[in-house]
Amino acid sequence: MVFLGWPGGTVALVLSWLISLYTLHQLCDLHEFNGHRFNRYHELGVYAFGKVWGNIAVITPQLIVMVGLGITYTVTGGQSLKRFWAIVCHKGADGTCATDFGLSAWIVVFTGVHLILIQCPNFNSLRPVSLLAAVMSMGYSTIAIGGSIKAGKQPGTEYNLNGYSTGAGILNVFNSLGIVAFAYGGHNVVLEIQSSMKSPKKTAANPQGLTYTPFMRGVFLAYAIVAWCYFGVSFTGYHSFGNHVEDNVLASIPGPKWMIAMADMFVVFHVIGSYQVYTMPVMDMIEVQWVRRGHGINLATRLVYRTIYVIIIAFFAIIVP
């Protein structure tokens, strides 16, 4: 919102939400198409564009998004843990934590949780984690919205781009649009999630027993939650703090401290679940290629390659910030 302003930011948020919902509906509708059931995103790409171009057009950007989100969530989880500790730790005379840890240490702590959760075999086993992540996203967003409203419009709040050159302003606008688009990554995993849904019984209204209709009910509910989180946090945060709003609006809210600490832990639980959801298709791709080469998948094999993947993601998360 800072570099898009009220008109541009509102249009970007609403349009991205509508376009994302419409294109997601198209993907879900194509999950069962022309006698085929496409359980993976790249399977649909191969059907549409052929084996070579289908894999290039789908797998490459899909992997970029999922790996990128894994790194992003790891950094976010580490930062939230660090902020939580800064609030609740025992402080010395100078007001700083008597025992302090750098961001890298908190990223390692966050990664330790994933070394356990990554061993979940499939999406069905992630249902409790996914549900917790959804509840936590609503929780911290509601805290951010309430905190921003309570803080009110701060003295000296501005909604302009004064102080930026034309070139810097243009670059920041494109960066802001990229951040808005990056927020909608569900397309990369929606077919994999839909494939885990049991086909409903055939009825007069649904003679083929397609999953589209019942699955879209869940999609509409999810997008209602997304609208509450994205629009609510963006609008209230920008209204209260204007150009001075932090990347994480929780850092702009003055308090109370216990509420900010709780919100930070909600963020941690949310990104734990999101990390797992976006990592599962990568694990599936690895297993499919492993089996195609004539190798078997057992507990030891799964433990090794999944652990290595999590460690690699953590390594890049540490060096990126």
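Every residue gets a Cβ built from N, Cα and C, even glycine.
Here is what TrEMBL says about this protein:
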| type | residues | note |
| --- | --- | --- |
| DOMAIN | 4-321 | domain 'Amino acid transporter transmembrane' |
| TRANSMEM | 6-24 | transmembrane segment |
| TRANSMEM | 44-71 | transmembrane segment |
| TRANSMEM | 101-118 | transmembrane segment |
| TRANSMEM | 130-149 | transmembrane segment |
| TRANSMEM | 169-191 | transmembrane segment |
| TRANSMEM | 220-238 | transmembrane segment |
| TRANSMEM | 258-278 | transmembrane segment |
| TRANSMEM | 299-320 | transmembrane segment |
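Remote same-chain residues near the transmembrane segment (130-149) are listed as 222, 225, 228-229, 232-233, 236-237, 239-241, 249-250, 252-253, 259-260, 262-264, 266-267, 269-274, 276-277 (criterion: CB distance under 8 Å, separation of at least six residues from the stretch ends). Touching of the transmembrane segment (299-320) and the transmembrane segment (101-118) is concluded from the presence of at least three CB pairs under 8 A, sequence neighbours closer than 6 excluded. Here the transmembrane segment (6-24) sits apart from the transmembrane segment (101-118); fewer than 3 CB pairs are under 8 Å, leaving out pairs fewer than 6 apart in sequence.
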